[in-house]
Amino acid sequence: MAGERKDKPLDVYVIPTESSEKAVKKKTSFWHVDKEMLRFKIHFFLFLGGLANAIPFLVVFAKERLGLAASSLGAVLTAQMFIFIFTKPLIGYIADYFNKLKIIIIILTSITVTCYFLLLLIPKYEQEEISNSNVTAAKAAFIDRKFCSKYKEQLGNSFSEEDCSNINNTQDLDLDEECVFCSLDADSRVNVCTGFLTEKHTEQKELSENKLNSNKSQRMLLLFCNEMNSFNSSLLPNSDVSNLRTISDFETYQFWIFALFFSMASICSNATFTLSDTACCESVQRKAGAEYGKQRLWGAIGWGGIAPIAGYINDYTGDFLASWTLMAIMLFLFLWNLTKIDLVKPHFSKNILGDVSTVFKSKVFLAYEFVICMNGVATGMIWFYLMWFLIAIGGSEFLCGLSLAVQNFGGVILFMFFSDYIIRKVGHYQVLSFSLLLYVARFLWYSYLYNPWLVLPIELCHGVTYGLYYTTLASYGKLSARPGTEATTQSVVFSTHEGLGAGFGCVFGGLGFDYLGGHQTFRIAGIFCACGFLVSLVLFFFIQREKRQTERPASDTSA
């Protein structure tokens with residue numbers, strides 16, 4: 001039975017025939033509401049809108065609520081991405097084998113909500129106070145612009161401020177004096193110290209008060225930047241921090257509890273994404289004239305519409321509980337709507353692994369997978385470190401949410417709406433390759449960005465790099481799958497993008513932000529994507545040659 005199915009031609013759900021399109025146009029008007037597809041629109045809106053309350057701000061939660069470093073968060077994200085390589089196809093295989101999409105999605109969503117609320121119970125790790133130092137952080141700047149740019153993101157913006165009106169005297173600092181540049185957060189603990197020699201005259205001022213120890217005043221050196229690069233900092237004589245002890249995040253139980261709950265939530269929500277796409281693709285295939293992109297764009301509406309609201313709530317309340325409660329309400333409605341949808345898969349394969357392995361033997365499929373992986377690297381960096389970057393250069397959580405709104409309403413919705421037409425005219429591979437080229441533009445823009453509000457114009461590119469790209473990925477996964485293996489094959493395709501590719505992106509992003517800073521990291525990422533685009537052009541000619549060789553035997557046989 002399985003052998004007979006392999007010989008059957010594959011159905012391409014994203015390219016409806018002209019006759020079917022005309023038939024639909026005759027029966028329906030422009031304002032006609034397709035009740036069968038309406039449930040799927042609500043499905044995507046509630047699911048992605050609910051998750052928009054939490055996912056975009058998890059990096060902010062890890063940084064501000066738990067005090068994790070970029071590399072520590074990167075380690076968690078990297079582990080998750082590589083775990084997705086196994087869990088996503090495994091859950092897809094279970095869905096194909098038992099044919100129980102609805103029950104599996106309900107279980108996964110329930111676990112996701114539970115794990116997110118458990119994250120709120122994790123207490124923040126309190127660092128030890130500095131033993132041989134009395135340190136005060138004051139609002140300051142530095143005359144060397146290059147120095148400010150280099151250490152701005154590394155040190156962050158969350159400093160304790162002191163009133164500098166009680167300045168007693170001003171002296172000139174000797175050149176070549178050994179100093180350390182330290183960052184203090186709101187809890188008055190040193191996060192980062194960088195040693196260097198002074199190369200220019202700076203002002204040395206004595207403050208009468210000290211935040212850590214008010215019994216004794218201490219000298220501190222104030223740095224001066226121009227307005228574009230100004231930030232709060234402390235320049236201290238090296239002897240003041242002689243006994244500084246930094247505790248690694250990996251040594252705290254808070255980090256490991258966060259890693260456990262966050263990973264469980266991510267695994268479940270990530271698998272639900274793919275299963276929802278699979279269910280929608282099946283329904284679109286059964287209904288002539290329906291288009292996947294026009295259903296999926298409602299997820300973008302939910303994501304882009306709710307994210308700025310959640311960001312504003314977080315800024316207003318100073319916490320994440322209110323926005324995550326909104327997430328729980330929306331996901332509860334999502335599950336209620338799910339019970340009204342028929343998600344039974346029409347196909348079943350008795351040889352799922354054999355059918356999937358047949359797809360993997362295709363050289364063209366592997367070429368697609370390579371380009372998908374390259375896009376995944378870029379996606380991983382933007383998903384998890386763009387918000388971190390915006391906060392580091394002075395952006396608010398509201399701006400982070402607003403950038404997501406621009407991404408979705410300014411580009412994603414439009415390109416998802418016309419995705420089927422564009423794919424039909426341009427082709428799957430060309431869309432994937434063009435997405436890499438746009439990532440080059442995005443990363444180079446970020447690398448020269450110092451005003452966080454100027455991130456908004458370039459976010460319009462997200463319409464292609466996510467809206468059109470994501471639809472193309474789902475379309476290609478469906479096109480490549482054997483009947484009955486849709487969930488498994490699409491899980492493999494998406495795990496290459498969101499697992500393997502995004503995993504490498506998280507590794508590079510975490511290390512880069514800690515050791516190079518955001519600007520330099522994005523600049524290198526732009527060069528990486530440019531190289532990937534050139535490789536994709538070479539692979540394009542390879543794919544064209546393979547297609548010609550495949551078509552020749554068919555034409556010879558027909559002759």
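From the backbone N, Cα and C atoms, a Cβ is placed for every residue, glycine too.
These come from TrEMBL:
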type: DOMAIN; residues: 38-523; note: domain 'Major facilitator superfamily associated'
type: TRANSMEM; residues: 44-62; note: transmembrane segment
type: TRANSMEM; residues: 68-91; note: transmembrane segment
type: TRANSMEM; residues: 103-122; note: transmembrane segment
type: TRANSMEM; residues: 253-276; note: transmembrane segment
type: TRANSMEM; residues: 297-314; note: transmembrane segment
type: TRANSMEM; residues: 320-338; note: transmembrane segment
type: TRANSMEM; residues: 365-386; note: transmembrane segment
type: TRANSMEM; residues: 398-419; note: transmembrane segment
type: TRANSMEM; residues: 431-450; note: transmembrane segment
type: TRANSMEM; residues: 522-543; note: transmembrane segment
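Against the transmembrane segment (365-386), the recorded stretches 44-62, 68-91, 522-543 differ in Cβ pairs under 8 Å, and the greatest number is found for 522-543.
Confidence in the domain 'Major facilitator superfamily associated' (38-523), given as mean pLDDT, stands at 71. The stretch with the most CB contacts under 8 Å to the transmembrane segment (297-314), chosen from 44-62, 68-91, 103-122, 320-338, is 44-62. Across 103-122, 320-338, 522-543, stretch 103-122 shows the highest tally of CB pairs under 8 A with the transmembrane segment (253-276).
Long-range Cβ contacts of the transmembrane segment (522-543) within its own chain (Cβ-Cβ under 8 Å, at least 6 residues beyond either end) map to 363-364, 367, 370-371, 374, 377-378, 381, 389, 429-430, 432-433, 436-437, 439-444, 446-447, 508, 512, 516.
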